[in-house]
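Taken straight from Swiss-Prot:
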- C:ARG48, C:ARG54: NADP(+) binding site (BINDING)
- C:ARG125, C:SER126, C:SER127, C:ASN238, C:ALA239, C:GLY278, C:LYS293, C:PRO294, C:THR295, C:SER296, C:SER297, C:ARG319: FMN binding site (BINDING)
There are 4 protein chains.
Amino acid sequence: MSGNSFGKLFTVTTFGESHGIAIGGVVDGCPPGLEITEEDLQVDLDRRKPGTSRYTTARREDDEVQILSGVFEGKTTGTSIGLLIKNKDQRSQDYGNIKDRFRPGHADYTYDQKYGSRDYRGGGRSSARETAIRVAAGGIAKKYLKEVHGIEVLGYLSQLGPVTVDKVDHSVTNTNPFFCPDESKLDALDEYMRDLKKSGDSIGAKVSVVAKNVPVGLGEPVFDRLDAEIAHAMMGINAVKGVEIGDGFDVINQKGSEHRDTLTPEGFSSNHAGGVLGGISTGQDIEVHMALKPTSSISVPGKTINKDNEEIDIVTKGRHDPCVGIRAVPIAEAMLALVLMDHLLRHRAQNTGVLSTTKPIAGQA
Amino acid sequence: MSGNSFGKLFTVTTFGESHGIAIGGVVDGCPPGLEITEEDLQVDLDRRKPGTSRYTTARREDDEVQILSGVFEGKTTGTSIGLLIKNKDQRSQDYGNIKDRFRPGHADYTYDQKYGSRDYRGGGRSSARETAIRVAAGGIAKKYLKEVHGIEVLGYLSQLGPVTVDKVDHSVTNTNPFFCPDESKLDALDEYMRDLKKSGDSIGAKVSVVAKNVPVGLGEPVFDRLDAEIAHAMMGINAVKGVEIGDGFDVINQKGSEHRDTLTPEGFSSNHAGGVLGGISTGQDIEVHMALKPTSSISVPGKTINKDNEEIDIVTKGRHDPCVGIRAVPIAEAMLALVLMDHLLRHRAQNTGVLSTTKPIAGQA
Amino acid sequence: MSGNSFGKLFTVTTFGESHGIAIGGVVDGCPPGLEITEEDLQVDLDRRKPGTSRYTTARREDDEVQILSGVFEGKTTGTSIGLLIKNKDQRSQDYGNIKDRFRPGHADYTYDQKYGSRDYRGGGRSSARETAIRVAAGGIAKKYLKEVHGIEVLGYLSQLGPVTVDKVDHSVTNTNPFFCPDESKLDALDEYMRDLKKSGDSIGAKVSVVAKNVPVGLGEPVFDRLDAEIAHAMMGINAVKGVEIGDGFDVINQKGSEHRDTLTPEGFSSNHAGGVLGGISTGQDIEVHMALKPTSSISVPGKTINKDNEEIDIVTKGRHDPCVGIRAVPIAEAMLALVLMDHLLRHRAQNTGVLSTTKPIAGQA
Amino acid sequence: MSGNSFGKLFTVTTFGESHGIAIGGVVDGCPPGLEITEEDLQVDLDRRKPGTSRYTTARREDDEVQILSGVFEGKTTGTSIGLLIKNKDQRSQDYGNIKDRFRPGHADYTYDQKYGSRDYRGGGRSSARETAIRVAAGGIAKKYLKEVHGIEVLGYLSQLGPVTVDKVDHSVTNTNPFFCPDESKLDALDEYMRDLKKSGDSIGAKVSVVAKNVPVGLGEPVFDRLDAEIAHAMMGINAVKGVEIGDGFDVINQKGSEHRDTLTPEGFSSNHAGGVLGGISTGQDIEVHMALKPTSSISVPGKTINKDNEEIDIVTKGRHDPCVGIRAVPIAEAMLALVLMDHLLRHRAQNTGVLSTTKPIAGQA
């Protein structure tokens, strides 16, 4: 497979299938001296974990992460950090019936064609369950970014089907099961999701992430631009079909005189660029948006083929999110944190000095 | 900088500034036995090169590429391929006046902050001139994909400001300076651009690329998914602010029952997915769209700051494209070809067999 | 740290400290369809594991490896393979006294200086315990090499202090605790080690590995030559201070007419080159030798400094191998197997055909 | 091929064949602000270049390097540095007769088998001519190491056939064509080489490199140890068959009490380790030794096979070094400098502080 690692200097490598023994990963490249506990990582894992509301899958997983190495007496040592989450609620028998058939919109067909066979239980490696480790690894990055540079990474739901978010109040995001930052839309979301669930169908969503207090200078042109790596990270999240930085697709019909962000002695006067120019962070907020397709596993009957290439009827049983976009919020935050962390280290490698935002870690030279 | 390489097995490394002696690069990982000449690469370089129409920059460059190594008696040897394009029309004096000031919307400010100084002549390394080498390298990939697997990569302009393309006829694309595949829109484009040029302003655009005859199975989950690497490649093109695969941002308001592409014994019945499921190619057309911001270098006067953080007036002289999106078409093709080539080699590494679409290269076991 | 991965296409990433909860790793890039069980990997783990003879450390570890993912119904799926070995016999209190002092010849001082602190229990990450995961990962590579290409990787002790091996009989190697392939030297080794143990001192050793039936063509010039990557792999084993390919240091006083291996219609007539020419395998046996320094942890009293840079006396307690070279034999085999596996995949990526030695894996195209 | 890059953060990618148009390369990851000129790089290129004495090949190349990018107004900008050396004296007709035959001891056979064909002129890519670019790239690293950290990298010939060097006086090394640091051995070397040349044969050699003033802490365990990467670098030099760090193969018969380097409040009291413990630099001199095989291209007649697998006689014409070891001295220095530079950057990435040996570069934060 050889595609299970992300990052050049702050590297996350993951393993594990939806219904295997465990999922896990290795974080390599974390600087020494960072105070980190399993509880620190659990916060975001709990935000992502299934079974927390009636609008996400009914599968119940504690998603308790264990730190197996790389932390000694409460601090990172600079060595690789092993992470493990045991799988518990593996109702694999639900999946026996999809063994020989390919669910439309799923990775069943492509995995089968690529590898000659697949672990079909719960989607195996293609399941979003794998992203729990990304969230844990992202938690380490988030803590470092916050402690050493004061950087904050904040995600939220910006659209769900026809329901758009008009106002972003980050203090609202985590008070509701939709990660919606606009209190006035909670009732509409609730109603929409209730109807949707009844119908057995699913819906797409738009998720946004913003990073605040990012120092100017992160990103390595020309191929490893900050925005290019963000696009890689976000499009690598299950179900994502589009990624935007700043104004995104709106730029198609913008004039240059309208789009360019004026620099003033007090800073930029607007942020159409979304915090990146020439692939390098400008010091403004990094603004990222992404589109997530509706879940493919729905109970609306459909047609598909089986391994013998025969047409068959299909209704996906099992427990699925009617809108995968919702739980993608902490995943998107984690991925943005991983990109920023990696580029922070890469930037640091090139310069003899210390970034102006850096705060000392105890025990560091 | 350390971000000047792209690809894991078919790797392109580039160097060179807009107004330096030359731009160049190294292609590493090309299989031996491929017939390739400088003329093969020149075709796309000529499509991208400046000075070909009144709607692109007036800078004149022959963009003649030299193959310095890796090809012997007309065929690749399996060793690294050196590419060189000498710069000719370097009117650097045009740029003396931007030495100490930061053009709004440009990489001037971020390069200066990141590196402490910059080659300001023509934007230096941040100039789109660098992409000529990507086009040359992509030409090698394109030829291999075509010869060995019958894969074709076709780009086109799909929107320019308010002018949208309604019909995609690939035989039309290269007959006009806009890379527009819809003959009925050529007059509208011409008129729009004429007015735009008069105003001294610039405009955004949407560019699309499609890859045909891609075998099922390319892409390495979970982080190096085919779509994730395509997003990386496209967002790494100068001025790109958004990338979509298949239905892209339209999925936000799609239902699962509507989005999923039904498999039938005769193949998929639709292609909302854009040819990728679970990060792996489905065998359908790969469909990619991207949004390009309007050129920042415009002659509409504006405000900015200089190195001493003082507010100043700015009018960008020099010769610039009023719509960078147009010339991005061959660049987008090249980048998609590079991604597909890399994943073809990565896929091949994992399997003991040979892809069904493979045609033998003379002299290959 | 960011140095915990090995291999480009067949990648092993490890984590874990000597006295932590567990050690583990991820194998990424294993082709699908390979039959593999925990028992397959246990064979070599048992060869390496401590406590098996009076000449190795008295620490007792079952070293039972668990495969957590990537294998389904007995076969690899092509996804990443998680490996875990829980630590059991962690007598960490033995190590309290080295917390603030640096054992001479150990990594104590360098880890402390590099990272600002260290997990001092049993050497933490610098302990050879970490190599157990390399052995497990190497076991997967070994099985693939054997099944698909008939390649065998065979290590042995070739010298221990003054006792040299005169005859290499691979059928003898695994019949004795020294991995000595020369039956006539077993008594001498036994006697030498008994005396050594009494003295509380340790001794160096020479270990050799040979790979048989390697196809011609593996290795990627110019920097990733097969021999260069072998040297990297071997010098990366704890305590190794020298690596030779073929005649090694003997070539210094060889003439060209003497060294060159003549090609005949029946094959090479000698193997001074050790199976590699120009960084590419010749099809002959790959022959590698390495020198391992004597264990630093000895009970012979010595002087050193503590964290306050004061001179102190030191006697290392704990349970250590008097000759680390012995248990390095399965590690060296594993590392050579990993290099060959990686280069096999890299070679395969570059060619449209199939290596002549390839045997089909069931279920593979 | 995909093996033409070296280094993770300070990366060198090379291209070019012995008798092609040019050789060249790209240095990526050089920090901005370093003053560098072509003359700086020419010093070592002149030391390596052919035709400088009667004991090296008679081929005449000026080896004049051009810096094509990445340097502006005399200083590195942080962007990728393009390097080019045009080939001049390409007497390719000398090589027509080896087109269809495989010189024993050469890469002819392995390249042909691996790639299906080869650029046979002068050995093509397998020629040591390629190393000129390594020397140029190493020159950049050397300058940075010296200016910013006061690190010096010094190579020398330590043995040539039976002639051993007894005394290392670095001020002598560059005063003679053998890079011999022992004045008392110059006559013996001269005599030995004169006789050797008459015989038409060639001889092996031992080359050593030492790095002085290396800060403690460089190296990334467990796989990217400093010594492992040095071994990779050195074994990747043409003709090298063995690499040692510190005492190297002498450790086989050393006792632990004898080998371990005692730490005292004033520093280490010996350097058996060669400046590396646990894969991390100790702050002592890094000491590396390597064995180089005798040139395979000799005029002593021999037997070999042709492409039709028929036995034939062979006498290599062309112009070759009777001892390739001699000219390897500047190459070995360059490779050690590249490894140290890469690890300096990698170390810097992991820490929030600045190495104690760092001196500021003008214009750097």
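Placement of Cβ uses the backbone N, Cα and C atoms for every residue, glycine included.
Keep in mind that what you see is a predicted model, and the values were worked out from it rather than measured.
Under 8 angstroms separates the C-beta of C:ARG125 from a C-beta of chain A, among the binding-site residues C:ARG48, C:ARG54, C:ARG125, C:LYS293, C:THR295, C:SER297.
Here the binding-site residues are C:ARG48, C:ARG54, C:ARG125, C:LYS293, and the one whose Cβ sees the fewest other Cβ atoms within 10 Å is C:ARG54. In this structure, the C-alpha atom of C:THR295 (FMN binding site) lies 16 angstrom from that of C:ARG54 (NADP(+) binding site). Each of the binding-site residues C:ARG125, C:SER127, C:ALA239 was checked for a CB under 8 angstroms from a CB of chain B; none meets this.
Taking Cβ-Cβ distances under 8 Å and a sequence separation of 6 or more, the neighbours of C:SER127 (FMN binding site) in its chain are C:GLU17, C:SER18, C:ASN238. The subset of binding-site residues C:ARG48, C:ARG54, C:SER127 lying near chain D, with Cβ atoms under 8 Å apart, is empty.
Cβ neighbour count for C:SER297 (FMN binding site) (all protein chains, 10 Å cutoff from its Cβ): 24. Geometry remark: C:ARG125 (FMN binding site) versus C:ARG48 (NADP(+) binding site), CA distance 18 Å. Residues near C:ALA239 (FMN binding site) in space but far in sequence (CB under 8 A, at least 6 apart, same chain), listed by position: C:ALA128, C:LEU292, C:LYS293, C:THR295, C:VAL324, C:GLY325, C:ALA328. Taking the C-alpha positions, the distance from C:SER297 (FMN binding site) to C:ARG54 (NADP(+) binding site) comes to 17 Å. In this structure, C:ALA239 (FMN binding site) belongs to neither helix nor strand by DSSP; it is coil.
Just so you know, the Cβ of C:THR295 (FMN binding site) picks up 26 other Cβ atoms within 10 Å once every protein chain is counted.
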